[in-house]
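Following: one structure in structure tokens, then a few remarks.
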């Protein structure tokens, strides 16, 4: 320690930044944390224009460099994902209570839009089960599809339109922050709960039932199955179980032999084809229900079908917004996790705009909600896709299907679709993740289970909201009760660390060193005051047994990232109360934002610049010096 | 640095605490931050029982030591505050559209209860203007006092009862945390806005108007004044202005000569007495309206008058809860700030129970909402009160008044009451505080102005809720965008500090040191990931111009107080992406809670215990060592 005494390092008390500059930097951190315009710096005007086009149309980033070798890969992966897109499209459209052809339409137009605006190389566009069911449960609540299928269809387009507008707006106004409020635990629980109720719903197809409930909760579904047990058909069940076993087997094969991924990718298509043949030869007997009429032709325009009547507006709006957030959080998370594997980066706000535009255009062309589903994206990546061209290939395959092959799929048995949905859903219930939450963080486990049970037993939107609410309450609790710790010096070093974490660390006589963390503001300043006074009482209790008195309180606020007026008021109060007790208060290593406010509010003037140090070491040294001095004074007076 | 190399200080990787013990400590920090049972430790059973009685009935803390000398002080201050209690009681009861006698009743019973259960020595119990007006505006909305004064009165008792029950429950369940969500800026703005509208309302009395609006917002009030301008009486205005000047003069006298505080304390009583004499001799002519009949006698029981009909339940409940929180935050803040001056401490949760009990008992005995008003408490403290005995003295004075003097006050002119209220309210508009907010923290200023303008132009409860909502949004933004900074070493020291704050600090070649602060969780983990990757890009951009490559990323997480599963997932993702880029990630100084979770989730296993260091210094040393080693390897390979 002694060797450093000659050089005194001071806290930087230079004038605070102007309001404009600190406000600008705050705004930038809030809305442009990824600094998207960095690439435009130091560029000539022409280069800037080119960069701007590439920024708004990511397709121009890869298209100029595109070649035949890359196309070979994209062709293969595009065909592979379209073989998945056909059965999934039909299945999820059934799940959304929509005509099956809508599912095929939805894999034609949106992938084209995404290929132009999207920045992920792996993402394969398609419909997803959870959002399909969620849309259907909200819209079906105000306009049951059985009563008026056309109205229901049009409202679904409208909800998709709202989803698109909302997603685009989030992207343009850089409000990705909203999506961040869905925590991993909420999403895990929500997807698990949704998968559970979707699986249960498929029992309808598996048992060949004709009547069922439109509700989604576990109890209604089980009740409906037992109520309609007279309609059970064993033929349907046998076929369904065989298909399911086949699909699950190919999945487990993929897990063991990743190079055989194409077996499981093709399996749903095989199931559909075999099912069609079977149904064709069974002539609709033995209770095997089929999808029914599928007409040839490309997507008809649906822009005139959007309905904005006030009667349904709140349902379509809320369905649009909730599914929009959900679809974004799934799509962006998936795009990002594949980008990490490529050592690549995707821009969340750009992705939002791409998703938004594809849903807006989709709603004009008879498509319903699409996003980047995990299964399709994983298959796309496995099949070796290189660019978004694979989405274009898939789109062209779908076009050919719609133009020529669609009627063939009208023989698809419902039970085959149920088997496909069930096998997809069973993989989405992540027991292991929930167990990991239970092991590491009980509160995250509660958040996850709230979403799971809420979705399974109440309804999908309520479950999602409850779980998000609980996450926010937990975050507020985090804020309201930040950890404080007493520091001591680790013997043989100059490091001050938490004495509970490092029991070898020891305190210094007459000095209490506390570390405060996280922002200090209204929600936690009462707590911090109470906690400081408790530390002081404890310290005094300890000292009473020994000789000596507490003379200095050192607050290490290096971890305090910001402070508000209530927090400054609290520090002032602590300072006054310490002065009454004869204890000198010292501040160590304030960050810039905090120091600026402490200076502006004249707190620093109140405690004196000489009470602010850059390191605990320097502060302790100064205290020791004072201490010795006062002892010497005592001595000289005798 | 070299001298320390021989001693290597390790991070403490000992087994995480059990769930039970960490949960217990979390619960304790959340609900018992002040450790109220500390004093019971190491006590014999009898001592413990005595302490317990003293804990639940703070009166037994001071009563045994009470003596005649202390009583002299308390007698004087008790008489002083009761001279204030009579005019204030009548005024605020008028403000709450209640019979004036209720205001006198409310200064009789509640102070007795507080004297037994309250822990503050200075707090003087009484009614307050803001809560009176708020109660009246909520209850008056469902049951206008003009239509059915008895119903209105009974609903006011019921709301007071709910306030009491709510406050007691908060205290018992130690939920003081709810009150902490009212920030100083919200309270400043709310009180300022309320004072403004109350002042405007007093123009009714000042102009001698007979008709007025029951709404509280500025526009309705000004409109009502102009609409009824035919009723203006100049006599009333002259008297009112004279009274107001007198009251304001005595106030400014107190500010200049604090020892003459009793002049301003007695001034309202003088105003009332002079007003009574004047009104008595004017025989109700010249448009001087008087309070009217005040009957002798103590508080009648009102326990049977409480009304729990479902029709009014939501109004009484919400009025009870909102005013309950408001009254607590005012009462506790005031009690605490006076306790700090005495170098004393008050227990927030005990205060809540005391306030709650006094309101419950109050609602049974014809009192309405009481708390610890600032003006009365300040006068009490100035008058030299020593214990809660001054409340008992005031209560006895009120008893004598109710028994013998009440009818005399029936001549009190309304204009005198208006002058008293206005002079009290003008002191509550704290321009200087708002200006300070504007100077130090613009966001706090916005929160304050939201409350002020919301109260003034919309309504009191909406203004309060809007401002609290904004505070919480700000807190969530704080959480979602925690500051990160790049550290560099300060020349001639071993300290690593923010290079923007300390421009002399310089980076180390090939190593990027980042400091993360505040908790890491779902709301900010996307941001932190983006921010880290931006730092890396910047650093690489810098390095490209020089020679050399980025080889190490050091994350100082000493300021991270907690982490959740989403945060751990983010760190894992960053780790993977760094590995792809060939950058080694190092963690420095994790706190105990964070380290425990990182170990449980096997993040530490993934990065290796050797990548976790106790100080930046040690981490940099290790990096340099690796660096030299790999250079040597390169060299030996040539």
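Cβ atoms are placed via backbone N, Cα and C, with glycine included.
Annotation comment: TrEMBL describes A:501-623 as domain 'STAS'. Annotated transmembrane segment per TrEMBL: A:70-86, A:98-117, A:123-143, A:155-175, A:181-200, A:232-249, A:261-282, A:312-332, A:352-371, A:383-405, A:411-431, A:443-466, in sequence order.
At the 8 Å Cβ cutoff, the transmembrane segment (A:123-143) and the transmembrane segment (A:261-282) share fewer than 3 close pairs (sequence separation 6 or more) and do not count as touching. The transmembrane segment (A:383-405) shares more Cβ pairs under 8 Å with A:261-282 than with any other stretch in the list A:261-282, A:411-431, A:443-466.
Between the transmembrane segment (A:70-86) and the stretches A:155-175, A:261-282, A:352-371, the greatest number of Cβ pairs separated by less than 8 Å involves A:261-282.
Counting Cβ pairs closer than 8 Å and at least 6 residues apart in sequence, the transmembrane segment (A:411-431) and the transmembrane segment (A:261-282) reach three or more and so form a contact. With Cβ pairs under 8 Å as the measure, the transmembrane segment (A:181-200) is packed most heavily against A:312-332, out of A:98-117, A:155-175, A:312-332. Within the same chain, the transmembrane segment (A:352-371) packs against the transmembrane segment (A:98-117): three or more Cβ pairs sit under 8 Å, each pair at least 6 residues apart. In this chain, the transmembrane segment (A:261-282) does not touch the transmembrane segment (A:155-175); fewer than three CB pairs sit within less than 8 A of each other, excluding pairs fewer than 6 residues apart.
Summarised as a single figure, the pLDDT of the domain 'STAS' (A:501-623) averages 87. Helix first, then strand, then coil: DSSP counts for the domain 'STAS' (A:501-623) stand at 66 helix, 26 strand, 31 coil.
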